[in-house]
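Only one structure is covered here, and it is reproduced in the block below.
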Amino acid sequence: MSPQTETKASVGFKAGVKDYKLTYYTPEYETKDTDILAAFRVTPQPGVPPEEAGAAVAAESSTGTWTTVWTDGLTSLDRYKGRCYGIEPVAGEENQYIAYVAYPLDLFEEGSVTNMFTSIVGNVFGFKALRALRLEDLRIPTAYIKTFQGPPHGIQVERDKLNKYGRPLLGCTIKPKLGLSAKNYGRAVYECLRGGLDFTKDDENVNSQPFMRWRDRFLFCAEAIFKSQAETGEIKGHYLNATAGTCEEMMKRAIFARELGAPIVMHDYLTGGFTANTSLAHYCRDNGLLLHIHRAMHAVIDRQKNHGMHFRVLAKALRMSGGDHIHAGTVVGKLEGEREITLGFVDLLRDDFVEKDRSRGIYFTQDWVSLPGVLPVASGGIHVWHMPALTEIFGDDSVLQFGGGTLGHPWGNAPGAVANRVALEACVQARNEGRDLAREGNEIIREASKWSPELAAACEVWKEIKFEFEAMDTL
């Protein structure tokens with residue numbers, strides 16, 4: 001190496017370790033429209049100032065490392081570094097802070113949720129200077145959103161495909177989730193669809209096990225779909241779970257579903273991964289398939305209040321990666337979901353523009369620039385007595401999914417489906433007539449049960465069933 005080269009490489013470089021906040025804490029920074037903005041809940045280790053903790057998050061999730069390196073001089077850190085531009089204490093929590101970080105758009109590959117998360121929620125979550133770290137929200141700039149296809153079809157196109165308007169869609173997860181033969185599984189699908197449901201569903205862990213191989217299941221479910229359509233005159237569907245051990249196998253299953261004429265397939269997007277999910281979403285758009293998304297594994301990531309990632313971030317990522325439905329909690333059922341927080345990310349899934357609203361956990365205004373919306377799916381421990389609340393909470397653009405609440409009917413699967421359809425139609429009619437579903441819900445169901453023996457039987461079975469536990473996910 002020549003002396004001249006040595007001089008150039010060493011200009012401005014001083015080996016050693018320096019505080020992150022000297023480079024990455026920039027409270028004077030004015031965010032750009034093209035920045036990805038993140039709100040982190042930071043719990044520093046004792047003795048670590050919040051500014052240093054916030055700067056460490058910005059550094060370790062962008063250009064920084066634990067020591068000064070001479071190759072910093074070969075690029076422009078001011079152009080590429082993440083910046084912690086704000087710190088605020090969390091009300092009611094000791095030693096917790098919201099750190100706001102801005103990332104230049106050039107740090108991220110176009111159209112890749114995988115790359116975005118690898119940076120923002122990568123190694124930094126194991127950083128020793130932090131006791132805990134949670135990503136509460138992201139603002140995705142419109143310039144980045146435009147690099148994503150998003151949902152294969154979206155809410156309006158799905159309604160047009162199904163020719164169903166003015167009410168929530170009804171679904172059912174086939175139970176028991178594991179152990180049925182393909183023929184008996186298909187029989188249950190047929191009975192539920194014939195009884196009045198729009199969709200039935202594979203459970204998240206129904207893939208291709210020894211008791212029921214995927215191809216057999218697809219064939220019997222397709223038979224059930226077409227038979228129930230012929231009898232009812234309505235378009236029906238079954239979420240055929242294409243999730244598999246490899247992307248190649250997943251695509252093979254999706255292709256077979258299309259060849260059978262199935263209208264919709266399904267993917268477990270967190271266990272399957274964002275790369276696989278985006279690939280499947282692209283195939284579904286190109287081939288006219290709807291895509292149902294299950295969020296299995298989400299609670300491992302989002303349930304702890306001070307560490308991990310809030311589901312609203314996973315919901316935004318899914319809208320970018322692609323899916324026409326996603327499970328979003330119920331508020332009233334057996335699974336976690338506080339009302340205002342749930343409605344916050346439901347709006348982020350469906351609406352084109354969502355204003356900042358800290359009372360619902362929304363830290364940033366989000367403009368989706370006409371990216372198609374996603375139908376939220378309410379599923380888990382719900383039954384006919386929940387129908388008024390679900391209709392009032394989620395509105396028409398949703399899927400209400402009753403597994404045990406259909407298949408647990410004392411008269412069988414088809415009467416269980418009838419009970420749910422009657423309850424839904426009664427609630428929609430009452431709402432359209434101006435009645436208050438929140439206040440008059442039980443009375444509306446009781447009135448409908450007088451002329452529907454199937455609904456009356458369901459009301460009797462589940463009149464005492466409640467899931468009253470305190471929500472973990474609060475503001």
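Quick reminder: no glycine exception, Cβ is built from N, Cα and C everywhere.
Residue with Swiss-Prot feature N6,N6,N6-trimethyllysine, selected from LYS14, LYS18, LYS177, LYS450: LYS14. The annotation in Swiss-Prot ties ASN123, THR173, LYS177, HIS327, SER379 to substrate, and of the candidates under consideration, ARG295, ARG303, ARG350, ARG358, the one tied to the same site is ARG295.
In sequence order, the recorded positions near ASP203 (Mg(2+) binding site) (Cα within 10 Å of its Cα) are HIS294, drawn from ASN123, HIS294, ARG295, HIS327, SER379. Largest Cα-to-Cα span within the substrate-binding set ASN123, THR173, LYS177, ARG295, HIS327, SER379: 37 Å. When the Cα atoms are compared, LYS175 (active site, proton acceptor) and ARG295 (substrate binding site) turn out to be 18 Å apart. The two recorded residues HIS327 (substrate binding site) and HIS294 (active site, proton acceptor) have their Cα atoms spaced 6 Å from each other. A distance of 26 Å separates the Cα atom of HIS294 (active site, proton acceptor) from that of ASN123 (substrate binding site). Apart from the site residues LYS201, ASP203, GLU204, the chain places the Cβ of THR173, ILE174, LYS177, ASP202, ASN205, VAL206, TYR239, ASN241, MET266, HIS294 no farther than 8 Å from the centroid of the site's Cβ atoms, the recorded Mg(2+) location. When the alpha carbons of LYS201 (Mg(2+) binding site) and THR173 (substrate binding site) are compared, the span between them is 5 angstrom.
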